[in-house]
Amino acid sequence: MKTNDIILQTVAKLASLVILLFSIYIFFGGHYSPGGGFVGGLLASGAIVLLLLAYDLKTVAAILPIDYKLLIAAGLLIAVLTGAGALLFDAPFMTHTFSYFDVPLLGHTALHTAVLFDLGVYLVVVGVTMTIIQTIGESE
Amino acid sequence: MNNIVFLPVLLPLLTGIVLLFFSKSIKFQRVFSVLSVLAGILLAVMLVGKVHGQGILTLQVGSWEAPFGIVIVADMLASLLVLTTNLIGFAIIVYSFYSIGKERERFYYYAIFQFLLVGVNGAFLTGDIFNLFVFFEVMLMASYVLLALGGTKPQLRESLKYILVNVISSALFVITVAYLYSVVGTLNMADISRKIAKIDQPGIVTVIAVSFLIVFGLKGAIFPLFFWLPGSYYAPPIPIIALFGALLTKVGIYSILRTYTLLFYHDQGYTHQLLGILALLTIIVGVIGAVGYWDMKKIIIYNIVIAIGVIIFGISLMNQQSLSGSIFYIIHDMIIKAALFLLIGIIIKITGTNNLREISGLIKAYPYVGWTFFIAAISLVGIPPFSGFAGKLLILQGAVKAGSYIGMAVILLSSLMVLYSLMKIFINGFWGIPRAYPDADRVPVKMLLLPAVLLVGVSIVYGFGTEAMYPFISQATEPLIDPGIYINAVLKE
């Protein structure tokens, strides 16, 4: 008999969205409160894992057509280039800078290059976690 | 601003990342990784030149002042080792083209290779003890992958052991750093040294020094802690063994050299005597292994152990001659071990066996391989005009100065045994009646020989150019004798 996962699937749809939003919140809050790229990335992959549990590998791959190995590479590239960007301004590697901008909706906000580094961390964490889970899930 | 100090780490890192994007195209991977390593050699040469002109260069990563941020320090020792690493990396990449096989190349071989170079270069250049740990891990993670890549049965078995040993030693490393941090309250090596000098190395610091010896001894394979090495280095394909044999254990030795000359030099009676005894036992164990086996790979692997003992013995004596000797020897040994592995790799490819009893008479068909191997062998032993001589001579002078005649005798006898073990390969493999080997025609001997000849050539130049090299080596020795030079360069006082 075919089992029916309708409750799990419905809840997973809603919950994964909430988890993703929370992961973004945690990611941007990292500078002033506990959180940052690592936890945010883990939360985001947690949301995808929830979808994997509710559906299956093929469906999730169709929803999110991402090559997670490339995501790792992209994250690393962003992080390293953020660090290496300092070289262009004749500053030591990994020197960060920040400034205040008037962003629409958010108002007077500090934008820091460390966020870019953290974005790299975020992508790498999501990529690594999902690569591990996907390869273990796919292997017979 | 000395960003050039960090470029030897940044370059392979960026290369590795770019290679991750292009894992499908083997051609691109080959070309790009070779170009990158060539640029790495160029950079390292520039770094050596710059350090030679201006003294120790430091880079305060992220513009944070010295004891508070991470410092990258390029003294002459680190720069020379980075140059050697890049040279060896170049030779092994070229060798890999013709021997590693498409299957491995397709699964991120070159990218992981670059990450290993990141780890090794970073470990040589860092001035922060926890950063050293991180670079150790970068290097080890890459080496786990390289060891297991391909997934043959012996590789999987040995990688299990190798990972187990290294995970334990890494945990010990963290615990030891935690102890040290709770005693001195800082992680910057120059600052640690200053703080230890202030409290004059009490008992707990000696305990920490011995813990570091256990950690780095596990990584660098000194006497009671070398047990994992013969098995683990036996399993992977030749280019990977060459890479491991030339670089990985030497990073452990470099760390012992750095910590025992920069941090724990106040109470030498205990720590350095222990180091000396362990070094001599390492030599003896290595000699027993090298003489005992009839398997070419095993013989060279045990020769790694012998060389580790010789270098560590030089470090334990802590005088000008012995330290210069150790530096001379470590660079020579990295180059020549890589060359020897590449050469026996060719022999194994031709004959299809590791066993010396099953091969003979190769000199007829492969004279260049034979004579290159011969030169590499006598260089390793230390026959005068070649590269192994100056290092050993200086270590022996240091031993005489320190009155350690037992050590002197052990090193001299070990040289004889090294000669015996390598001549065993030469005489049994190359002399005698030629035999027919079924797969011999399919081996691209010329292409495989090229990188090995390059390395042997470098070692010959290094040996004959001892006089020209000496100013560099003595500049590398200065901060080891007088840690004040290093501390002042880092903390800018």
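Any Cβ shown, glycine's included, is placed from N, Cα and C.
Unlike curated entries, TrEMBL annotations are predicted automatically.
Feature annotations, courtesy of TrEMBL:
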DOMAIN    B:128-416  domain 'NADH:quinone oxidoreductase/Mrp antiporter transmembrane'
TRANSMEM  B:6-23  transmembrane segment
TRANSMEM  B:30-48  transmembrane segment
TRANSMEM  B:68-95  transmembrane segment
TRANSMEM  B:107-126  transmembrane segment
TRANSMEM  B:132-150  transmembrane segment
TRANSMEM  B:240-261  transmembrane segment
TRANSMEM  B:273-293  transmembrane segment
TRANSMEM  B:300-320  transmembrane segment
TRANSMEM  B:326-348  transmembrane segment
TRANSMEM  B:368-390  transmembrane segment
TRANSMEM  B:402-422  transmembrane segment
TRANSMEM  B:443-464  transmembrane segment
*Which residues, given as numbers and ranges, are at least 6 beyond the ends of the transmembrane segment (B:132-150) yet have a Cβ under 8 Å from it?*
101, 103-104, 107-109, 112-113, 115-116, 118-120, 122-123, 126, 156, 158-159, 162-163, 166, 170, 173-174, 177, 219, 232, 235-237, 240, 243-244, 248, 251, 255
*Tell me, please, if the transmembrane segment (B:6-23) and the transmembrane segment (B:107-126) are in contact, taking contact as 3+ Cβ pairs under 8 Å between residues separated by 6 or more positions?*
yes
*Look over the recorded stretches B:30-48, B:326-348, B:368-390, B:443-464 and say which has the most C-beta pairs under 8 A to the transmembrane segment (B:240-261).*
B:326-348
*Please indicate, using numbers and ranges, the residues of the same chain that are 6 or more beyond the transmembrane segment (B:273-293) and have a C-beta under 8 Å from a C-beta there.*
210, 213, 217, 221-224, 226, 230, 256, 260, 299, 301-310, 312-313, 315-317, 404, 406-407, 410-411, 413-414, 417-418, 420-421
*Contact yes or no, the transmembrane segment (B:300-320) and the transmembrane segment (B:326-348), 3+ Cβ pairs under 8 Å, gap 6+*: yes
_Contact set, same chain, for the transmembrane segment (B:68-95): CB under 8 Å, 6 or more residues outside the stretch_ = 2, 5-6, 8-9, 30, 33-34, 37-38, 40-41, 43-45, 47-48, 51-52, 56-62, 110, 113, 117, 120-121, 124-128, 131, 188-190, 238-239, 242-243, 246-247, 250, 254, 257, 327, 330-331, 334-335, 338-339, 342, 345, 448, 450-452, 454-455, 458, 472-473, 475-480, 486, 489-490
*For the transmembrane segment (B:30-48), find every same-chain residue at least 6 residues outside the stretch whose CB is under 8 Å from a CB in it, and list them.*
4-5, 7-8, 11-12, 15, 18-19, 22, 57, 74, 76, 79-80, 82-83, 85-87, 89-90, 93-94, 97, 105, 110, 113-114, 117, 472
*For the transmembrane segment (B:402-422), find every same-chain residue at least 6 residues outside the stretch whose CB is under 8 Å from a CB in it, and list them.*
276, 279-280, 283-284, 286-287, 290-291, 299, 302-303, 306, 309-310, 313, 317, 319, 322, 340, 377-378, 380-382, 392, 395-396
